[in-house]
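Written out below as structure tokens is the structure these notes cover.
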Amino acid sequence: MKYEKLLPRFLEYVKVNTRSDENSTTTPSTQALVEFAHKMGEDMKALGLKDVHYLESNGYVIGTIPANTDKKVRKIGLLAHLDTADFNAEGVNPQILENYDGESVIKLGDTEFTLDPKDFPNLKNYKGQTLVHTDGTTLLGSDDKSGVAEIMTLADYLLNINPDFEHGEIRVGFGPDEEIGVGADKFDVADFDVDFAYTVDGGPLGELQYETFSAAGAVIEFQGKNVHPGTAKNTMVNALQLAIDYHNALPEFDRPEKTEGREGFFHLLKLDGTPEEARAQYIIRDHEEGKFNERKALMQEIADKMNAELGQNRVKPVIKDQYYNMAQIIEKDMSIIDIAKKAMENLDIVPIIEPIRGGTDGSKISFMGLPTPNLFAGGENMHGRFEFVSVQTMEKAVDTLLEIIRLNNEVVK
């Protein structure tokens, strides 16, 4: 194996349950994330990182790989998140399959679940590689403990294995709660103190992402007027029916299951209630700022029209922006995309530059003034029992980081 400790690190990290909790009011959202961040801090110190510190304000643990060059080069930041998605993460039992043939069905532990190339054709890309997958009872946690392990392996390489590898100052940060959308809300750009950064939180080999959705959340409250159904004519106002009418007024084809590429959508996450009162929760997504604003305006317009027809204010939307398309920031200086693209090409990796149909911590951090695109970490089928990662892809992620650092040495501030 190219990086001897990469896989052991990854296996150690995924066995720790760091599932974030969207119902929590604390930062980080769980005590387990606090404890894991402190554990990572100790590991960072053991590798030789300097100025390792935990920020109570945001749950990030930060450390520095000091420069070993006199060149005045840009300071690079590397970020990954410690939490995992909303799926069982207790008792993660990673399975290792060496020299996968690219065709066989992979049994997931003792469960009835399998990774079948007929269902997951991406498996065919991994012939001859070593895969780490689940036992079918949990997620794997490659999102984003692959990124955590890769950054730690990079640090080990620069500080201990090949300390003569020339580099400027590199800052490392591991944070909480990316999966519940609040991890970067309190990120401290001044404390991180770099010129640009990357999140190592992408998927398959070659992913290089700097364009995300712009995102908003909407909660629609529906106030009904409930009476006995036997005498309801011209009197009852059924809040659930109002919710149905509202949803049906949205564009039929602007839904996640009917869109792709750069197409945006409205997504109904939750609907509950009674004839007296109901509540619908939506997310709104689009890559283009104009269309994003039009979608938010439409949700208000539908409510206004329904209220006008009812003659009463019974439909009450609350719409809040969540994050924005970081391309608006990064396109002002594409050099950090160019250097990552060049690094991959130098390693015979084909860059995959496509808009993310989602967001990353980098979306928010970029709008705080620190451009932060996203690099591949290797995970496939993330957020569930069918998740897997290739060890060889993880190794190439470390290679890519090293090549970015090498190329950065040629850019004098």
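Start at 1 and count along the chain as shown; that gives each residue its number.
Note: Cβ is positioned from N, Cα and C throughout, glycine not excepted.
Within 10 Å of the Cβ of Asp83 (active site) there are 28 other Cβ atoms, across all protein chains. Residues or ranges marked as active site in Swiss-Prot: Asp83.
Glu178 (active site, proton acceptor) falls within neither a helix nor a strand when secondary structure is assigned with DSSP, and so counts as coil. For Glu178, the entry in Swiss-Prot reads active site, proton acceptor, with the evidence type sequence analysis.
Annotation comment: Swiss-Prot describes His81, Asp143, Asp201 as Zn(2+) 1 binding site, evidence class sequence analysis. Asp143 (Zn(2+) 1 binding site) falls within a helix when secondary structure is assigned with DSSP.
The Zn(2+) 2 binding site feature in Swiss-Prot is assigned to Asp143, Glu179, His383. Cβ neighbour count for His383 (Zn(2+) 2 binding site) (all protein chains, 10 Å cutoff from its Cβ): 17. Under DSSP, His383 (Zn(2+) 2 binding site) is assigned to coil, being neither helix nor strand in the three-state scheme.
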In whole Å, note down how far the CA of Glu178 (active site, proton acceptor) lies from the CA of Asp201 (Zn(2+) 1 binding site).
-> 10
If you draw a 10 Å sphere around the Cβ of Glu178 (active site, proton acceptor), how many other Cβ atoms fall inside it, taking every protein chain shown into account?
-> 26
Taking DSSP three-state, what's Asp201 (Zn(2+) 1 binding site) in: helix, strand or coil?
-> strand
Rounded inter-Cα distance in Å - Asp83 (active site), Glu178 (active site, proton acceptor) = 7
Candidates His81, Asp143, Glu178 (recorded positions) - the one closest to His383 (Zn(2+) 2 binding site) by CA = Asp143
Same-chain, non-site residues whose Cβ lies within 8 A of the His81, Asp143, Asp201 Cβ center for Zn(2+) 1 are Ala80, Asp144, Gly147, Glu178, Glu179, Thr199, Val200, Thr360, Asp361, Ala377
How far is it from Asp143 (Zn(2+) 1 binding site) to Glu178 (active site, proton acceptor), counting Cα to Cα, in Å?
-> 10
